[in-house]
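Summarising the annotation, TrEMBL assigns transmembrane segment to B:36-54, B:95-114, B:126-149, B:169-187, B:224-247, B:272-292. Under the heading domain 'ABC transmembrane type-1', TrEMBL lists B:91-293.
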């Protein structure tokens, strides 16, 4: 039922049979502690999610208009819509390219960051983009990449006019989105992985040094095997963030009107369907998009968990 | 993880003392290149931030002279953004929204995390999985139901209950529900790592469960609670889609949608300086919080993973 990676599902240690058992055995009295949070979570999150599934089988143009049963019509429309194919492809491409990009950057960081001078500064500065509103990042990147923007002006002043591009044009804009997202999320991945790497016993690196290992060999034979357990968690977290990409697409495509299909992700497409841009909002279809999205993500996460499943390393 | 018991065994295919060529590659070229990439990255981030800050103090006509310094510091960008473009209102809304959301979610999550941490193995395990499920549900699926609930609640409260309602309350409530899974997940691990001797002492002294939690356990969990609070604060500060979908009145909006609106409407005008002042208003408070709590957030981010 759970699609959480193994690292997130913590194994519960056997309870020691000491005096602590007396405290722990009064489990029923603990319900008042749990119930308020449980109620809020179920009523405002799980419940609405189930209602979303229900609406996805309806034809509904929004509040005030009648809701009629539509069966699978919304899902059929999704499959038949050629724009939807672009959206799906974009979302998958973003996930794959994002994960690969983050992986490469993280590998580079893991190679040297551990022993590097100024590692604290690097760690903090690299993490900052993750903290900043994607809208703000989108605006800044918009000016950076504008046809008359900082990048093109800099290229010209360096005499590299041939490299000038219309970065935000329909052909390139989604590539820029992918680069920006990779840039944002890599900091998160690095910070998460480094914390785990710091807890790898120094003795392992000492014996690697004694054996004359190079930096690359230290990474390949010590760091990576030792951090395999948390890799699954980091990949899942990055994946969840990659699926949600919305704001940055909106700002990079101009923030007025609707983004072109070539740059739409699932989240953007759903927002467009639900808001009255050029026509009526379509809540049934919007919900169906949401459901399809959940199914897609579940499949991806389960596949990834299969791929990354690992025996815990004993040392 | 198990403690060190035996010396690590080098893998079978590990060859110590590689040839000079691969030693140059593995010890000089690769690490050197990697360091260069990292410092370039750091430089890019710092320069980008400086560029945004400098641009926010340029006059509108100077904004596109990227490579020149401002002729004078145009502080009026900030006053115009604050008053005319609604960033002042949005700032106040965002502060209230983010603090209310972060505080309420911790208020709900901390007792729940404690309860789960101290209940039996089976019930606790299931509850934790049940809560963690919420971290994996994409928000997309709940947006339509929220729009419906938002409108229904509005009618219900105004017509039948209080005669008054503010949709921002619903936005906060929903955000709290979004943040509970992560908060419970991180805090539960922390509460479970605390020794139960102190609780036992308090129980023997006749303190109730609730008193024990409030007087003994909560103070002990202070660092974790603060970390979760700050992380939730940052998440709420940057939330855009939810506010965009649920709040139609610009006067009640937060910074994200306001910045997006300003950006969209600026395509026709050219108050670029104001736009960059807006970016600074959105960015700087979060940077301040981050610098202020510095390493503690980074520790907190990893708390949920490194167990």
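Positions of Cβ are set from backbone N, Cα and C atoms, glycine also.
Counting Cβ pairs under 8 Å to the transmembrane segment (B:95-114), the top-ranked stretch among B:36-54, B:126-149, B:169-187, B:224-247, B:272-292 is B:169-187. Scored by C-beta pairs under 8 angstroms, the transmembrane segment (B:169-187) has its highest count with B:224-247, from the stretches B:36-54, B:126-149, B:224-247, B:272-292. Counting C-beta pairs under 8 angstroms (sequence separation of 6 or more), the transmembrane segment (B:36-54) fails to reach the transmembrane segment (B:224-247), with fewer than 3 such pairs.
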